[in-house]
């Protein structure tokens, strides 16, 4: 008998750290967690701090915190002042010079929440990639989550980078998001943009597919028992399926004349439709960022002002957008001190 005596191979610090990060625990950490957890903690902490204590009086001329009497709908972490341009507004930067109160007054919390929020969303998507690889499944969950990631990046980073300053990005609040939507309609005619139309079709189509799918599966569950509650009609660990794909196929074949023939096509379609419903408007927002004038009538209005022979249809859509611009220019950008004479204010045909 031969006995070999030797040293166990030395493990480097990287291997030790890799094992610790990927250890099976209640809340998985992983390499993605090094990005996700700190940035998500700071983004949420910044948002709760801003909505609770920080005013928007110096940036937007409004109250925006619970301390000032706002509620959940009206509280927000507002964008920085227009004069700040695209500065990162670092706490130690030339604007705030290390003064935390001054930093909050200038809107530094918005850039803090936006940048940390962006990295936390990317970290969450990477987390889904990492866990999918470890458990041996395909990474389509991460692919689906790319939808919210690109929507966030398009609205909160790319759009204001194409505009004059961070001021024109959405603030982090409920009413603030609706203000941003109104702004997109009035200044970009967003609802006429085909990328917005594709987004509506994708999101509403995805919701419809989700409802139809859930109802169809419930309708075709095998009746494994006499219990009225469907959850008591099957064993969560059973090998066989609990519903009939054949029956579902027969039902929809009778309804539409066509039906999905297998679950792969069905579930790929349920993945594709809503994800495209998030990617397409994100592409459209990039177009708005650089002020593409294809669908907003402004180019027609400019030509009509220069060329008396050029005719345009003055529709209710144009009236709506002019009204939004006349209202929001004054109320939304008080630092510009806009004053519009009566003769340029939009009026309907009845006035």
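Each residue's number is its place along the chain shown, starting with 1.
Here the Cβ of each residue, glycine as well, is placed from N, Cα and C on the backbone.
Among the features that Swiss-Prot reports, chlorophyll a ChlzD2 binding site is placed at 116, with the record citing sequence analysis. Under 8 Å, Cβ to Cβ, and six or more positions away along its own chain, residue 116 (chlorophyll a ChlzD2 binding site) finds 39, 40, 42, 43, 46.
Summarising the annotation, Swiss-Prot assigns pheophytin a binding site to 128, 141. Classification of residue 128 (pheophytin a binding site) by DSSP places it within a helix.
The chlorophyll a PD2 binding site annotation in Swiss-Prot covers 196. In the three-state DSSP reading, residue 196 (chlorophyll a PD2 binding site) counts as helix.
Swiss-Prot lists 213, 260 with the feature plastoquinone binding site. Of all the Cβ atoms in the protein chains shown, 19 others lie within 10 Å of the Cβ of residue 260 (plastoquinone binding site). DSSP assigns residue 260 (plastoquinone binding site) to coil in the three-state reduction, outside any helix or strand.
The Fe cation binding site annotation in Swiss-Prot covers 213, 267, and the record cites sequence analysis as its basis. Long-range Cβ neighbours of residue 213 (plastoquinone binding site) (same chain, at least 6 residues apart, Cβ-Cβ under 8 Å): 266, 270. DSSP classifies residue 213 (plastoquinone binding site) as helix under the three-state reduction.
What Swiss-Prot lists as transmembrane segment is 39-59 (among others). With a cut-off of 8 Å between Cβ atoms, the residues of this chain six or more beyond the transmembrane segment (39-59) that come close are 65-68, 70, 75-81, 104-107, 109-110, 112-113, 116-117, 119-120, 123-124, 167, 171-173.
The list of residues near the transmembrane segment (123-139) in space but at least 6 beyond its ends in sequence, with Cβ under 8 angstroms from a Cβ of it, reads 22, 28, 30-33, 35-37, 39-40, 145-146, 149. According to Swiss-Prot, the transmembrane segment annotation covers 123-139 (among others).
Swiss-Prot lists 151-164 (among others) with the feature transmembrane segment, giving sequence analysis as the kind of evidence.
Long-range contacts of the transmembrane segment (206-226) within its own chain (CB-CB distance under 8 A, at least 6 residues past either end) are made by residues 232-234, 241-245, 247-248, 251-252, 266, 269-270, 273-274, 277. Summarising the annotation, Swiss-Prot assigns transmembrane segment to 206-226 (among others) and lists sequence analysis as the type of evidence.
Among the features that Swiss-Prot reports, transmembrane segment is placed at 277-293 (among others), with the record citing sequence analysis.
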Subject >> For residue 267 (Fe cation binding site), the number of other Cβ atoms found within 10 Å of its own Cβ >> reply: 14
**OP:** Give the number of CB atoms, excluding that of residue 196 (chlorophyll a PD2 binding site) itself, located within 10 Å of its CB.
**Re:** 21
Subject >> Surrounding CB atoms that lie within 10 Å of the CB of residue 141 (pheophytin a binding site), all protein chains >> reply: 15
**OP:** Give the three-state DSSP assignment (helix, strand or coil) for residue 267 (Fe cation binding site).
**Re:** helix
Subject >> Spatial neighbours of the transmembrane segment (151-164) far in sequence, C-beta under 8 Å, 6+ residues away >> reply: 79, 82, 85-86, 114, 117-118, 121, 170, 180, 278, 281-283, 285-286, 288-291
Original post:
Any idea what DSSP makes of residue 116 (chlorophyll a ChlzD2 binding site), helix, strand or coil?
Top reply: helix
